Structure formats: structure tokens, C-alpha cells
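**Q** This is the structure, below, for whatever I ask next.
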Amino acid sequence: MLGQSIRRFTTSVVRRSHYEEGPGKNLPFSVENKWRLLAMMTVYFGSGFAAPFFIVRHQLLKK
């Protein structure tokens, strides 16, 4: 009995909560400013691409 009432309460709380809906609202970053998004994506993908080269350079220069 207690478990059912707790389950009903938690599901009703979830149903009553409201989040913004629409394209880009469910992402962990903003897509409103396209230039900021471009810079963030360049840094993100660029760092992933450049990391192996810097690691190899570090290993070659190490004595």
C-alpha cells in the first residue's frame, strides 16, 4: 500500500514538471549563437584530433 502511494506520487511529480521543448533545448550546450557553437565544436574536435600528435611529439622529445 505504501509502495503504491509512493510510486503514484513520484510519477505525478514527473508529469507535472515542465521543461522547455523544441529543437536544441535538450542539448547540454546552447545552439543559439552559431559562432560560439562553431568555436566550441572546433576546440572540441580539434583537441581530439591534435592530441595524438602532441603525445607523439612529447614521446620523441623525451630522453
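In case you wondered, yes, glycine gets a Cβ from its N, Cα and C as well.
Copied straight from Swiss-Prot:
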TRANSIT   1-16  transit peptide
TOPO_DOM  17-34  topological domain 'Mitochondrial matrix'
MOD_RES   Lys25  N6-succinyllysine
MOD_RES   Lys25  N6-acetyllysine
TRANSMEM  35-57  transmembrane segment
TOPO_DOM  58-63  topological domain 'Mitochondrial intermembrane'
**Q** If we skip the immediate neighbours and take only residues 6+ beyond the ends of the transmembrane segment (35-57), which ones have a Cβ under 8 Å from one of its Cβ atoms?
**A** 29
**Q** Let me check the 10 A CB neighbour count of Lys25 (N6-succinyllysine). How many other CB atoms are there?
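**A** Other Cβ atoms found within 10 Å: 10.
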**Q** For the topological domain 'Mitochondrial intermembrane' (58-63), find every same-chain residue at least 6 residues outside the stretch whose CB is under 8 Å from a CB in it, and list them.
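**A** Sequence-distant neighbours of the topological domain 'Mitochondrial intermembrane' (58-63): none found.
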**Q** Taking a Cβ cut-off under 8 Å, which residues six or more beyond the ends of the topological domain 'Mitochondrial matrix' (17-34) line up next to it in the same chain?
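**A** Long-range Cβ neighbours of the topological domain 'Mitochondrial matrix' (17-34): 40.
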**Q** How do the residues of the topological domain 'Mitochondrial matrix' (17-34) split into helix, strand and coil according to DSSP?
**A** 1 helix, 0 strand, 17 coil
**Q** Taking all residues of the topological domain 'Mitochondrial matrix' (17-34) together, what is their mean pLDDT?
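**A** Across the residues of the topological domain 'Mitochondrial matrix' (17-34) the model's pLDDT averages 84 on the 0 to 100 scale.
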**Q** What are the helix, strand and coil residue counts for the topological domain 'Mitochondrial intermembrane' (58-63) according to DSSP?
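**A** The counts are 4 helix, 0 strand, 2 coil.
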